[in-house]
Amino acid sequence: MAKTSIPLAASFLLLISFSSAVDTSRLFLTVVNNCPFTVWPAIQPNAGHPVLEKGGFALPTFTHRSFNVPTTHWSGRIWARTWCAHYNGKFSCLTGDCGNRLECNGLGGAPPASLAQFDLHHGGHHDFSSYGVSLVDGYNVPMTVTPHEGHGVCPVVGCREDLIKTCPAHLQVRSHSGHVVACKSGCEAFHTDELCCRGHYNSPNTCKASSHSLFFKHACPSSFTFAHDSPSLMHDCASPRELKVIFCH
């Protein structure tokens, strides 16, 4: 009996260990709308990665939506589209629009828009999931990313400030009725190589902060505000169970 109990116990422990390893690889993305208006979240994978949730959906005020991400490496971005409507049979949004579609299906969004960036399940057995919030393409809603049950460097990051109220006039995007609906980046407003970090300026040595990016940085220091901003703003959290994207946090 003693001889048979050892492999049985070992098998049982192996099963527990295997089950735990499988369980910790499960990761949920939860998108929360705390805004006092409907938003239309959009999800774009990076090249070679699958589209999640068909790439977009409507999210009424004070509701949320959770979904699994692949258990293998996935990277991409999430943003909110705002001021969306169907008009003459066509769906369109004033901010973050993805080709007049409700379901973006892999398409990117039109700036300006606040972005959450993700690089999930990388780092081998460490199972890191990296995340950050970017205002490089401008701003349309407050946004944070909150990890749950992770280990290591897992801060809440993002931009809680309502920059619609303080956006400089030369960066403002207005609706047909005159309401400010978004705040452009310097690149989007002026399209110069220097502000867009293109050509000669496309390197960490030549791409620098501008007065326009500093407007965003002073309000939201934990967010990326220009193309070669500090890589340390992207955080590696080990084995989180959930990453929560909150609009109007």
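Every residue, even glycine, has its Cβ placed from backbone N, Cα and C.
All TrEMBL annotations are machine predictions without curation.
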Going by TrEMBL, the cysteine from Cys93, Cys104 that pairs with Cys98 in a disulfide is Cys104
Among Cys196, Cys197, which cysteine is annotated in TrEMBL as forming a disulphide with Cys207?
-> Cys197
The residue that TrEMBL pairs with Cys187 in a disulfide, chosen from Cys183, Cys196, is Cys196
Smallest Cα-Cα separation from Cys248 (disulfide bond) among the disulfide-bonded residues Cys84, Cys187, Cys197 is shown by Cys84
Collapsed DSSP category at Cys196 (disulfide bond) = helix
Compute the C-alpha separation of Cys104 (disulfide bond) from Cys159 (disulfide bond), stating it in Å without decimals.
-> 24
Closest of Cys154, Cys159, Cys183, Cys187 to Cys197 (disulfide bond), Cα positions, disulfide-bonded residues only | Cys187
What's the CA to CA span in angstrom from Cys196 (disulfide bond) over to Cys207 (disulfide bond)?
-> 8
